[in-house]
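Only one structure is covered here, and it is reproduced in the block below.
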Amino acid sequence: MGPPVHHLLTGLCVGVALGWVGGSVPNLGPAEQEQNHYLAQLFGLYGENGTLTAGGLARLLHSLGLGRVQGLRLGHHEPPTGRAAPTSGDNFTHRLQEPELSVDIWAGMPLGPSGWGDQEESKAPDLHGSGPSSLDLFQRLLLLDHSLADHLNEDCLNGSQLLVNFGLSPVAPLTPRQFALLCPALLYQIDSRVCIKTPAPAPPGDVLSALLHSGLAVLFLSLPAPLSLLLLRLLGPRLLRPVLGFLGALAVGTLCGDALLHLLPHAQGGRHTGPSEQSEEDLGPGLSVLGGLFLLFMLENTLGLVRHRGLRPRCCRNKRDLGEPNPDPEDGSGMVLRPLQAASEPEVQGQRENRQSSPSLAPPGHQGHSHEHRGGSIAWMVLLGDCLHNLTDGLALGAAFSDGFSSGLSTTLAVFCHELPHELGDFAMLLQEGLSFRKLLLLSLVSGALGLGGAALGVGLSLGPVPLTPWVFGTTAGVFLYVALVDMLPTLLRPPEPLPVFHVLLQGLGLLLGGSLMFTIALLEEQLVPTVPDG
């Protein structure tokens, strides 16, 4: 590969500048040779037969990052970020005062034979003489009365607009001398950064839109509470366990997917605003993490099934020898009869007391919580934790909807998939503590109100005078990963008793479905944004 295009263009512009002020320089040979070198490099890369066609100019502008704005700018005539561009009045004054000085500069530029490869141009008379053909082009370029509406020198110009501004034909090939005239404009476009996308500040209407969408999301997330109570009443323990296993795996997939594919990329400043290639590059690392998590989850569960099947005949044989109940689900009765004389009455009474004093199994998803201390203090701790949990969920939703609709949608789905098994476990434990269904519904309404407060706080932190969206996203991603990998995933990997193959496959399906759902939303993020009115 040849030298970078930016270096070639910089060297060419330096050569042209030296040529312009060459009236006071006695020897212009090195400057012309350097200029010819860079011209030859550029025309060798993008030109044809010593000229630069419209297609070659378009490829050059694309390589320089010019010719097309890559996103919304701060305003149609506002300066780019980090640079004080001149105002419209300054531009107009500059153009009114420029011709006399510019003619003196152009007068020093050597337009005689310079080795540029154009025989007709090499025969052009010197500007110090009376050659009207040479002065005609320069005076049209310098003295042309460009209006503010026609000469958009503060906008990102494509190839056709550049040529029209310079009085050149958009379809005719460019000679090296004509291309040298465009060099300062290209350098100015690069320096002013008018073709670089800068994020637009959030207008006041976006605050109302973010508040509305986050409030609706919090109301939608209050549905898991009555759904949990309904499932606890309708489903028995035998059906509740596989359903909770599937929902728990779905929650792990959605929480990890939202953290890795949405929250962390947005917290680091990456946005899926470009083509699909840029989107795939942003999603690649997070998707690979999800793939590794899914593979190891299925591998560990498969090894557990194999180990359990290898140990089951020996365990069953030992239990039959001891006369204990056989918990093998494939056994129809689940019990093994033994003679009455094999055990004395005190032993039978002790086994009966142990069975009565053993605590009841908590629903899956809450195996990590300690339920040894009975009483009202446990219920209040659970309620306090649920209120704080809803407050942080509302905070995450407010920040997500402040960033965009697709980001808020993915966070809403992730929180919903996590809330259903979480509420099932909490309500099952509170029912064991003696709380009624009516009190549980009332407490769920109180925690939902805290979620609304958290959503308003998240919008205020994200769209306030000092935007804290990256910090909120980073904190939310950490919370989601902790809940998924520390609180929920160990419950799926360490069940209280070995799971059948169907349950393991159901959990794998839930994990895969949750990650795929977040990945689909990330891919369709650009298509989801226009579906929301601007407020």
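Note: Cβ is positioned from N, Cα and C throughout, glycine not excepted.
What Swiss-Prot says about this protein:
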{"type": "CARBOHYD", "residues": "Asn49", "note": "N-linked glycosylation site"}
{"type": "CARBOHYD", "residues": "Asn158", "note": "N-linked glycosylation site"}
{"type": "MOD_RES", "residues": "Ser333", "note": "phosphoserine"}
{"type": "TOPO_DOM", "residues": "20-210", "note": "topological domain 'Extracellular'"}
{"type": "TOPO_DOM", "residues": "232-242", "note": "topological domain 'Cytoplasmic'"}
{"type": "TOPO_DOM", "residues": "264-285", "note": "topological domain 'Extracellular'"}
{"type": "TOPO_DOM", "residues": "307-439", "note": "topological domain 'Cytoplasmic'"}
{"type": "TOPO_DOM", "residues": "461-465", "note": "topological domain 'Extracellular'"}
{"type": "TOPO_DOM", "residues": "487-503", "note": "topological domain 'Cytoplasmic'"}
{"type": "TOPO_DOM", "residues": "525-535", "note": "topological domain 'Extracellular'"}
{"type": "TRANSMEM", "residues": "211-231", "note": "transmembrane segment"}
{"type": "TRANSMEM", "residues": "243-263", "note": "transmembrane segment"}
{"type": "TRANSMEM", "residues": "286-306", "note": "transmembrane segment"}
{"type": "TRANSMEM", "residues": "440-460", "note": "transmembrane segment"}
{"type": "TRANSMEM", "residues": "466-486", "note": "transmembrane segment"}
{"type": "TRANSMEM", "residues": "504-524", "note": "transmembrane segment"}
Rounded to the nearest angstrom, how far is the Cα of Asn158 (N-linked glycosylation site) from the Cα of Asn49 (N-linked glycosylation site)?
23
Check the transmembrane segment (504-524) against the transmembrane segment (286-306) for contact, please; criterion is three or more CB pairs under 8 Å, pairs 6 or more apart in sequence.
yes
Which one of these glycosylation sites has the most other Cβ atoms within 10 Å of its own Cβ: Asn49, Asn158?
Asn158
Are the transmembrane segment (440-460) and the transmembrane segment (211-231) near each other by the rule of at least 3 C-beta pairs under 8 angstroms (pairs 6 or more apart)?
yes
Please work out the mean pLDDT for the residues of the topological domain 'Extracellular' (20-210).
59
Determine how many residues of the topological domain 'Cytoplasmic' (232-242) DSSP places in helix, in strand and in coil.
9 helix, 0 strand, 2 coil
On the three-state reduction of DSSP, what should I expect for Asn158 (N-linked glycosylation site)?
coil
Which residue counts does DSSP yield for the topological domain 'Cytoplasmic' (487-503) in the helix, strand and coil classes, in that order?
10 helix, 0 strand, 7 coil
DSSP-derived helix, strand and coil totals, residue by residue, for the topological domain 'Extracellular' (461-465):
2 helix, 0 strand, 3 coil
